[in-house]
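Worksheet: the structure to be examined is printed underneath.
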Amino acid sequence: MALHLLLLAFSLLFAVATPIRDITDACSSQIKDFQHLNSTALHLELHHPRSPCSPAAPLPSDLPFTAVLTHDDARIASLAARLAKTPSSRPTSLEAATEATTSALLDDSLASVPLSPGTSVGVGNYVTRMGLGTPATQYVMVVDTGSSLTWLQCSPCLVSCHRQSGPVFNPKTSSSYASVPCSAQQCNDLPSATLNPSACSSSNVCIYQASYGDSSFSVGYLSKDTVSLGSTSLQNFYYGCGQDNEGLFGRSAGLIGLARNKLSLLYQLAPSLGYSFTYCLPSSSSSGYLSLGSYNAGMYSYTPMVSSSLDDSLYFIKISGMTVAGTPLAVSSSAYSSLPTIIDSGTVITRLPTSVYSALSKAVAAAMKGTSRASAYSILDTCFKGQASGVSAPAVTLSFAGGATLKLSAKNLLVDVDDSTTCLAFAPARSAAIIGNTQQQSFSVVYDVKSSRIGFAAGGCS
């Protein structure tokens, strides 16, 4: 229980987005000044909660970084199970909660439904604001490139709602709200979006089940309403209206899915905005953005999205090499492609094939031999005394097929785990390599699904 509460508190570690009108005069928006943004796209601003301009709740200063790593490891484990198409080694909390849910919401239809874990959310994910209903009300939402279905907590919360920032959405206050019948195609599409079967209530309303790798879950009614993002609105947006929502979602109202699936926010907005989105994940000293729609194509270097039969909703790319201080790692070129590679907005620590990670660890340690070593910290075994901003770190380049590169600064390479220790922000992979958000911070990253490519540009948050 103590760990559960700790993780829940820490789930606000990362960035919160807010509409321009919510930011005080002292923190007026600078989003119009970001050089990579296209004026015809929809833009939402992102803030790190340690920034004085962040609307996130103040964070306790003594929360250990092990909370982040524990949650990050749960996300990795669930991704591994998802790619292997195997059930979780332990049941999700949703299975235990089904009896209570059944009587209040689902009748007898879900009494023995087996659930598959999705990707963990909360600790490593950035959040933004989404408007819903007519008239529209704003809600703080987790943004996740590894999830498809968008859902949020809904009144009357027949079983359970976790604590959230602001009021819970009440469908009765929206003149454009409608539940989705079991006969609708969108109900049939739910299994591919949630990796769990849909169900049908006694009143013929479609029921979704979204479960995550850390045993968090949301169960409720598939619904449609008008969604508002900035100045853009979309009628008949399909999403989950959660009646049983439990787990580590922080104080968010729910989750926005940006994966490749017809029920994701990306695909539902695509007819009007196009099949692309861009973000810059900020550090604590800057602000960032999520941009939906067109982008300035000439400003990026690209790598192709790789097709994979493992999971066609995730974003796969191919690592082609790494250098430390200009010298390639001492591994074969085939080592980089020994595992499939995913780029993910919600994973904090990048995972590499074991041989690549070992070579990187040795090369970075050799380049930093003048910096005192520190003991391993949880899953991070290459640690140094000091902070990332104060140590002399080597130049590290991460290269991808097609010629795209990430030239990592010290803050992309190292992560401060306490006041006196910084560690290499990489770890060995399990069944897939993952490019995490520490390495993506401050870069503008575009997901161009139509052209099947991902682009990177330096200086995205400046």
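Every residue, even glycine, has its Cβ placed from backbone N, Cα and C.
Where the annotation comes from TrEMBL, it is an automatic prediction and has not been curated.
Noted in TrEMBL for the protein shown:
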ACT_SITE  D144  active site
ACT_SITE  D344  active site
DOMAIN    126-457  domain 'Peptidase A1'
SIGNAL    1-17  signal peptide
Could you state the whole-number distance in Å separating the C-alpha atoms of D144 (active site) and D344 (active site)?
8
Other Cβ atoms within 10 Å is the metric here; tell me which of the active-site residues D144, D344 scores highest.
D144
Please compute the mean pLDDT of the model over the domain 'Peptidase A1' (126-457).
93
